[in-house]
Amino acid sequence: MNEKTLKILEFNKIIDKLVSLATSSLGKELAEKLVPDTDLNRVERAQKETSDAVAFIARRGTPPMGGIHDIRDSLKRVEIGAILNPGELLKTADVLRAVRNLKSYASNDRIKTDEDNIVSELIGCLESNKRIEDRIYMSILSEDEIADNASPTLANIRRQIRNAQESIKDKLNDIIRSSRYQKYIQEPIVTLRGDRYVIPVKQEYRTEIPGLIHDSSASGATIFIEPMAVVEANNHIRELKIKEQAEIEKILGELTGEIRGIVDSLKSNVSILGRLDFIFAKARLSLDYNCVCPVLNDEHKILIKKGRHPLLDKKTVVPIDFWIGEDFNTLVVTGPNTGGKTVTLKTVGLFTLMTQAGLHIPANEGTKMSIFKKVYADIGDEQSIEQSLSTFSSHMKNIVGILKDVDEDSLVLFDELGAGTDPTEGAALAMSILEYLRNKGSTTVATTHYSQLKAYAVTTKFVENACCEFNVETLRPTYRLLIGVPGKSNAFAISKRLGLFDDIIEKAKEFLTQDDIKFEDMLMSIEKNLNQSENEKMKAESYRLEAEKLKKELEEQKRKLAENRERLIQEARAEARKILLEARKEAEEIISKMRRLEQEVHNAQRQKEAEELRLKLKRKVDSIEETLELPLAPKNALVKPPENLKPGDSVLIVNLDQKGTVITPPDKDGEVVVQAGIMKINVHISNLKLVDEQKIVLNNSGIGKIGMSKAKSISTEIDVRGYNLEEAIESVDKYLDDAYLSGLTEVSIIHGKGTGVLRSGIQKFLKSDSRVKSFRLGKYGEGESGVTIVELR
């Protein structure tokens with residue numbers, strides 16, 4: 001990609017922002033090297049990894065990227081047999097912890113990630129090693145300190161050192177507190193010189209305390225002496241220190257050996273961590289600028305929806321709509337200076353570079369970007385003082401370089417093409433350059449204020465006009481890009497608004513040719529028509545959004561209706577269960593009374609009374625069945641069609657639960673037109689009810705029957721083999737109801753032998769059932785332990 005183009009379009013500023021969002025030197029290094037790619041497949045993958053990282057952050061929050069160090073040099077040293085120092089080992093442990101934290105971050109999500117999620121794949125390739133990580137942290141406290149418990153030997157040596165040091169301090173304190181030596185001591189303190197314990201002695205008494213002189217004060221008044229009484233002890237400490245250092249070297253060697261065993265894994269981890277840091281930096285850039293992933297193509301088609309230049313103030317930037325590549329591949333943008341033409345060029349160019357670098361772009365969903373092999377830009381004043389080139393010459397030199405390399409896979413951006421020289425010749429050159437690029441098949445966007453180029457765009461195939469809108473009333477540009485409309489100079493209108501005399505303006509108009517006047521009138525007509533089209537488009541979009549909103553509301557109301565219907569059904573089932581329980585209780589009372597009567601005397605009168613009770617029980621059960629078999633009124637059955645419907649009546653559309661107003665009387669088929677919000681709907685009167693007719697009509701026809709269909713003849717056994725325990729108990733419970741009401745005194749429950757779960761669960765249920773008098777396992781010939789025989793009361 002052309003380096004000059006990257007600079008002109010300020011791609012480097014986007015890279016600077018990206019670098020600042022990376023947390024590690026590894027991620028920053030990758031960000032600094034980022035350049036646009038020209039291969040569609042690679043760009044698609046780069047865009048996808050950015051999208052995947054955005055999805056990760058949206059679901060899981062900010063990833064833990066701390067502790068990612070560049071330990072590649074340390075790993076090289078490990079490979080050649082060197083021993084790592086404590087600082088290097090700590091950084092290695094940090095990397096292992098970073099790996100573990102990222103894997104935990106990725107796994108703490110109940111939402112399954114797409115199988116082809118690039119970020120998930122990378123994190124899955126990381127290899128943690130908590131054992132080595134913990135051992136390093138346990139052994140090393142800082143870059144300068146090894147922990148006592150790094151090894152038992154080190155702990156023992158340091159204990160000996162501390163004991164020896166305390167012994168020396170005690171001896172030296174005895175000397176400085178002794179009345180014999182007090183007048184020789186400069187200060188009653190024990191201090192260190194090198195690694196030897198000494199005491200400060202006055203210069204004039206240095207011979208009074210036998211020992212080794214190690215240092216003196218700056219003034220020479222104090223001599224630091226190691227008394228002979230502690231020389232041997234200091235020597236012992238020195239020996240222990242040597243042993244301590246040797247043990248530390250041994251520990252560092254062992255830890256380095258652990259690292260050597262996983263060096264390949266660590267090298268892979270470092271590479272992946274750097275890549276992840278870079279990818280998450282791209283995701284944060286996308287979120288910071290409210291970006292989207294563009295739809296990619298290699299057909300030179302660009303469609304930008306509400307694109308916002310990322311380097312402009314978010315509060316003031318005006319979004320642009322831009323397209324090229326469908327009906328035209330050359331766009332001529334005209335309009336006043338500072339009207340936004342250059343910003344449009346830079347937005348298109350920078351969006352292309354960002355897209356091909358795998359970065360999201362600040363635009364709306366549905367934005368499409370093409371992959372170009374080459375991107376060229378001639379924007380701004382590139383005059384070279386050193387080469388003594390004029391503005392025109394400087395631009396022309398740049399343009400010549402572009403024209404030499406351009407081809408059909410090139411995007412070319414020109415700002416004020418042909419400016420800086422005679423207008424007639426400049427316009428002619430500009431048209432010739434555009435024609436050359438058009439014949440080459442390049443995608444070209446050029447800004448200009450030459451009227452000749454407007455006419456060229458109108459009359460040339462695959463070339464289109466555009467302008468940056470200018471508000472004559474406020475004398476300010478709106479920065480809106482209008483494609484299909486040539487720009488107007490607005491010189492007369494602006495001059496008039498600024499107070500220029502009318503007679504001067506009218507005289508100026510006389511100098512215009514008739515063709516100029518017709519052309520300006522045509523531009524005014526085109527702009528007016530486009531504005532009307534834009535207004536209609538905005539109005540249509542408003543209607544569309546309102547319709548979508550209404551659709552969502554209707555769907556939500558439909559969902560609530562379904563929920564209410566389900567709730568009513570559940571309530572009805574609960575009521576049915578309540579009725580059944582009451583019936584069971586009453587039946588138990590009747591049967592109990594019947595059995596008492598049968599057991600008293602067997603005369604005809606008693607038998608007659610027993611028969612009456614049996615008939616009463618049967619009528620009760622039949623009554624319950626009839627009650628439970630009454631249908632629930634379906635949602636459409638609750639409506640009684642209104643009579644005498646007329647326009648203006650307020651109605652409720654039942655299946656939509658939406659209020660509306662009748663517009664037409666019923667036709668021959670019983671349909672009326674109803675205004676519901678912004679929609680007019682044909683509805684049958686059976687699906688309507690007047691708003692003031694809120695009565696719910698419940699009849700005995702419809703659907704949704706909830707019934708308790710008891711068999712006319714009840715079997716003496718039930719088979720629940722293959723059921724789970726809950727299903728089995730529910731089936732047994734219902735079966736015992738029927739058997740009990742039918743007057744059976746003994747039934748068999750076939751549960752099978754198996755694991756015994758069904759047998760024990762069912763028998764536990766039977767123990768607490770008031771309908772059961774007793775139960776037992778089957779005997780030989782009855783099914784043995786695979787069957788439970790139940791005696792009913």
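FYI, residue positions are counted from 1 along the chain as it appears here.
Yeah, the Cβs are placed from backbone N, Cα and C, and that goes for glycine too.
Lifted from Swiss-Prot, the feature list:
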type	residues	note
BINDING	GLY335, PRO336, ASN337, THR338, GLY339, GLY340, LYS341, THR342	ATP binding site
DOMAIN	718-793	domain 'Smr'
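The DSSP breakdown of the domain 'Smr' (718-793), given as helix, strand and coil counts, is 31 helix, 19 strand, 26 coil. Each of the binding-site residues GLY340, LYS341, THR342 was scored by the number of other CB atoms within 10 A of its CB, and the lowest score belongs to THR342. Predicted-model confidence for the domain 'Smr' (718-793) is 86, expressed as mean pLDDT. Other Cβ atoms within 10 Å of the Cβ of GLY335 (ATP binding site) number 27 in total over all chains.
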